Amino acid sequence: MVRFFAFLVGLFFAGWLLVSFVAGGIAYVSEPPAPTAEHEFHLAPKHVSFSFDGPFGHYDKQQLQRGFQVYKEVCAACHSLKFVAFRDLKDLGYNEAEIKAIAKSWPIKTPDVDPATGEATTRDPVPSDHFPKPFANNVAAAAANNNAIPPDLSLMTKARHHGTAYVYSLLTGFQNQPAELLRRFPDSKTPSGLHYNPYFANLNLAMAPPLTSDGQVTYGDDQPKPTIDQMAQDVSAFLTWTAEPKMENRKSAGVAVLFFLIIATGLAFMSYRQVWSGVKH
Amino acid sequence: MSFPWAKEYTPKVPLMKWIDDRLPLPRFVYGAIGGGYPVPRNLNFFWNFGVLSGLALVIQIVTGIIMAMHYGANDLVAFATVEHTMRDVNSGWLMRYAHANGASFFFIVVYLHIFRGLYYGSYKAPREMVWLLGLVIFLLMMATAFMGYVLPWGQMSYWGAKVITGLFGAIPVVGEPIQTWLLGGFAPGNAALNRFFSLHYLLPFVIAGVVILHIWALHIPGSSNPTGVEVKGPQDTVPFHPYYTAKDGFGAGIFFIAFAFMVYFAPNFLGHPDNYIEANPLSTPAHIVPEWYFWPFYAILRAFTVDFFFIPAKLLGVLAMFASILLLFFLPWLDTSPVRSGNYRPLFRKFFLILLVDVLVLGYCGGAPAEEPYVMISQIASAYYFAHFLIILPLIAAFEKPLPLPGSITEAVLAGHGGADHEAVGEPAPVPAE
């Protein structure tokens, strides 16, 4: 009885799936899915290498400091960094006094309450504060940015596939729309107010190119030249750190743990062989 | 418990005797996983995955309890408290990555455990109850994993919760009220997050309880083995400790090496980047996909694209997805072949191999976007999945001519084909089930 009902159920599901397959096949042949501009022109992130790649990789503190400078001077006007605190900057090699000074002179102020009147006010950030947001709320952010809300950047490099390379590619990927795209997809012309970038999922991005000229940010004398490419790499490295500040701890602990486990497993294997040595199995 | 020649527990120190006289817990443990449990001598490494599943459950409970100390189950702060764990809690990143990857490893070892049972016919009499309880554990695991994935309140958490609870909305008439009741609202929100957290904390302990029943049921007939021939006497068995504790120790080492590699060097490889974006009810992700361990079932769900008269395709998909798991409960009565082990079933073995590839294909299609050719491939693969269990297995059982079975485990072992790791088995090459 069980097998009889099972047979019927199996026949129903398998049969109807084959009907669906045939229907899908006919639809696919008679109306092949139309290619879209997003499908044809979207590009995977460029290949770019960093000091923190691989199991033994470390952050380059000089690079993180340069990236932080780019964030501060270019990105911070629109993009928040809400999960990162000023105190975290010690990972970049700043000392306590420097962090205090960075917080105090930060162009955006921290919201506070006036202790005397109870009214809303602002104050200079202190090291224990997270980076203050550039806009009071999403409505203000959208109003100031052509209706697009600049996303928080704390986790950006983990929130996209190949995030570090993605940020680098996006920053260096602004260009004019290819003539072929306009010829094949005349309806896909970048609307006014948006900017074409093949590394962005739907090709048209509200953000204007933020890095526009070499030397836009002034690096120290002993540092590499601040070309667009260099600045993009540096800020991508910085945003990798903001997304994964414990990466160095993680990788160095991992090497030690694996070393221990391989030896322990070797010993476990030998004791397994020892225990079983007298038993044919 | 299982065999008359099982060694009796004899306390070695007075304290243990004192305890054992008052509460025979030491006796119980000794008989369950100590020297008092006789186990077939010819188990291969595919028998390691039961113990490894238990180990994975312990890892999840320990890391989960620690994470819960730093988590806030409220839709306004959940995402931020997870980031707080990652950044400001001592070794919080380790706990979270171990918990997230631990879920994946739990499913890896459980899937290997299930496929070992499928190949070696471990579900057959007298072990049906072991199989059924195992499936209950599997269902509880799926529910727990699904609710756990909602807790970080990222984009995939939110939209995954919406899609999966939406499955209940496909039920005619009562569907929508059920969905609203499950969520505590019309869409996932704080009410849903709170109850998911509560249940996510509860269910692992329910799983632990069913695990005890699973092991209890196993100890009545004793463990199966690669020949599928029942134990006939003391010469066929070795005590669990030290023989299989030593072997499981080595297995656990390999497990931990693979686990540590993922946790420390590729912690986000098995996750989806969208879950690092905070939940946003106003922005739907381009492709909503569950975690990888649900992909085969997700592919079956999406394979139904044509309405069956008055039954909408969506409801068919939901029914099929649940049926794909529920049919496993009937497996002991679908596969009536008296021979357990696939080693002695030439025809079964071929179809088993097809099933294995089929499930991997389903998994691949379930993770891919819902567009052609993936939908058409998953339609064929889903059709085979149902046909395999509901049509082909009973037919094989009726028509297959199995190979001659060895007289006993010991006879097979001495002849060099007991089915343990290093030997050639009956037919051509040993195709280990996985």
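For all residues, glycine too, the Cβ spot is worked out from N, Cα and C.
For the heme c site that TrEMBL gives as A:C75, A:C78, A:H79, the extra residue drawn from A:M207, A:M247 is A:M207. Outside the transmembrane segment (A:253-272) by six or more residues, the chain places 55-56 with a CB less than 8 A from a CB of the stretch. Take the mean position of the Cβ atoms of A:C75, A:C78, A:H79, A:M207, the recorded heme c site; other residues of that chain with a Cβ within 8 Å of it are A:V74, A:A76, A:A77, A:P150, A:L153, A:P210. When pLDDT is averaged over the domain 'Cytochrome c' (A:62-171), the result is 96. Taking H, G and I as helix, E and B as strand and the rest as coil, DSSP gives the domain 'Cytochrome c' (A:62-171) the counts 46 helix, 10 strand, 54 coil. Listed in sequence order, A:L153, A:P210, A:V235 are the same-chain residues six or more apart from A:C75 (heme c binding site) with CB atoms under 8 A from its CB.
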